[in-house]
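What TrEMBL records for A:His61, A:His63, A:His139, A:Asp209 is Zn(2+) 1 binding site. The Zn(2+) 2 binding site annotation in TrEMBL covers A:Asp65, A:His66, A:Asp209, A:His267. Here TrEMBL flags A:Asp65 as active site, proton acceptor.
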Number of protein chains: 2
Amino acid sequence: MLAVTILGNNSAIPAFGRHPTAQIITTADDLLMFDCGEGSQIQILNYRIKRSRINHIFISHLHGDHYFGLIGLLNSFALLGRIQPLHVYGPPELIEVINLQFRISNTSLPFTFTFHPIEKAGLLLESKSYTVECFPTQHRIECWGFLVREKRQPRKINIEKTSFYDIPTSAFASLQAGEDYVAGDGAFIKNELLTDENVKAKSYAFCADTIYDEALVPIVQHADLVYHESTYPAALTEKATERFHSTSKQAATIALKANVGRLLIGHFSAKFEVIEQFGTEAREVFPNTELATEGVTYLV
Amino acid sequence: MLAVTILGNNSAIPAFGRHPTAQIITTADDLLMFDCGEGSQIQILNYRIKRSRINHIFISHLHGDHYFGLIGLLNSFALLGRIQPLHVYGPPELIEVINLQFRISNTSLPFTFTFHPIEKAGLLLESKSYTVECFPTQHRIECWGFLVREKRQPRKINIEKTSFYDIPTSAFASLQAGEDYVAGDGAFIKNELLTDENVKAKSYAFCADTIYDEALVPIVQHADLVYHESTYPAALTEKATERFHSTSKQAATIALKANVGRLLIGHFSAKFEVIEQFGTEAREVFPNTELATEGVTYLV
């Protein structure tokens, strides 16, 4: 189970009912959050996300539209008497802001709060069913993208077949791991005869804010779903480059080169009330593109 | 001209579509803002407040539901290329939070920004047509209420009468100031015969977050409109006291004792979806009470 719910799809300034960046990632074990723009806690209420289940929050960078909602969410967790531990990952200075704001309001958290400063690319979190890695993106300040990968599921025992061959249950673990069966008398049965493939492990890459950067291609290669920002339409390529942002066609070009399953574009400039052109332009390059739409959940 | 527009009427946690505290005060000269909870900039858009005209923002205290929206609003002002100077008034630690957040995002403001730490009760701002004073309230942390008073308007020259008595225009300034007219030959004409009273100077008191505190009575005495928090209904008086908040009936009692014109109650607990009872209870004590309602403008 891997799905992405969009809470905010707009760039720097809220406009036309669109909110700053925030996404909820549903995994088999946890709800994760990628970025937390202002108003995210209100969007969480609007879309009936079970907030107590969010236990890992990842902040890509310290431009306000990606984290100004975090302190309010933490504060509400405190007021609601949350007890579930919470982990926050982000640039090291983030904890200074949080600590200062809690100090001056005399707030103490009733739950275990752990801050994990992001200092280099690599594994941030490993759970039973998934991993989260971070990778650098090129923006005006230090910025990180995130890659969630489901773990490969063990193969499924085919009970009918194992009964037929009279395989002892003590052999099931090695069958699930993909090994062939060898009986005491040397009899040999191919794994594929005794087990079935499980659900394919899926992956989702969140490319945060970034200039057009082909260094992302090998990182997001073959991901099932990729979110890539598309702050500007193709006509404003120069402006995008100047601001370390990307256009619709640039986002789609990364998706095409990385041969990904599906592309989600967002972080639309507040200058545009109508955003359909972003999709139209991107689909000319990479047809399987969708506009990140607030309140919509994209199954990976 | 004095009016109050409610952007948020809820207490600590956003709930049931209600937002944390924020109010826009319209005066003849300026738009002022009292508190700036998370999402205020979105509410400003929703209610079509002309944001560039907001030039003085007053923060009562540093609980998040009263100021977490400020940094986002300042950030958006910066991104929008605001040029109008902006003044912010609040507890001294507020500027630490603002400076830290702008430092780590590498933001510089394109407009003149002045922070005024609030350190004692008294005059904070004097404009052509109004003054803003602050007064302490009793809450869990340092907290300030604000009192806006229109200046007394000069009397209006009655042109018909001044023509009839052939009064020289050189005498108009002293007539507007309320003086009687004395001609060169000693002739004497009472001011009231030559001028009319101007619009009455109005006043609005914002009592922030506070426990029931009769020390507020002389401060808000005779104010035309008073906002007093009413976090809890009367049945939860003990809880209100424990949390340094007030109930509906306590708010109304202050209004009654201070003989104010009209009472506005707000800061409703997130535990209550239906808030009509707050009004019903308060009106039993002080009939001229209204529930602060988001998006509504109350003319003082």
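Just so you know, glycine gets a Cβ as well, placed from its N, Cα and C.
Curation does not apply to TrEMBL; its annotations are automatic.
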Proximity to chain B among binding-site residues A:His63, A:His66, A:His139, A:Asp209, A:His267, where any Cβ pair is under 8 Å: A:His63
Pairwise CA distance, A:His66 (Zn(2+) 2 binding site) versus A:Asp209 (Zn(2+) 1 binding site), rounded so that it is a whole Å: 9
Near-site residues: Zn(2+) 1, ref A:His61, A:His63, A:His139, A:Asp209, CB cutoff 8 A to centroid: A:Ser60, A:Leu62, A:His66, A:Thr137, A:Arg140, A:Ile141, A:Cys143, A:Ala208, A:Thr210, A:Phe244
Pairwise Cα distance for A:His63 (Zn(2+) 1 binding site)/A:His267 (Zn(2+) 2 binding site) [Å, integer]: 13
Secondary structure at A:His66 (Zn(2+) 2 binding site), reduced by DSSP to three states: helix
Site with most surrounding Cβ atoms, counting all protein chains shown within 10 Å, from the binding-site residues A:His63, A:His267: A:His267
Cα-Cα distance linking A:Asp209 (Zn(2+) 1 binding site) and A:Asp65 (Zn(2+) 2 binding site), given in Å to the nearest integer: 11
Distant-in-sequence Cβ neighbours of A:His139 (Zn(2+) 1 binding site), under 8 Å, six or more positions away: A:His61, A:Ala208, A:Asp209, A:Thr210, A:Ile211, A:Phe244
Other C-beta atoms that fall within 10 angstroms of the C-beta of A:Asp209 (Zn(2+) 1 binding site): 27
CB contacts for A:Asp65 (Zn(2+) 2 binding site) [other CB atoms within 10 A, all chains]: 28
Local Cβ density at A:His61 (Zn(2+) 1 binding site) - other Cβ atoms counted within 10 Å: 25
DSSP three-state assignment for A:His61 (Zn(2+) 1 binding site): coil
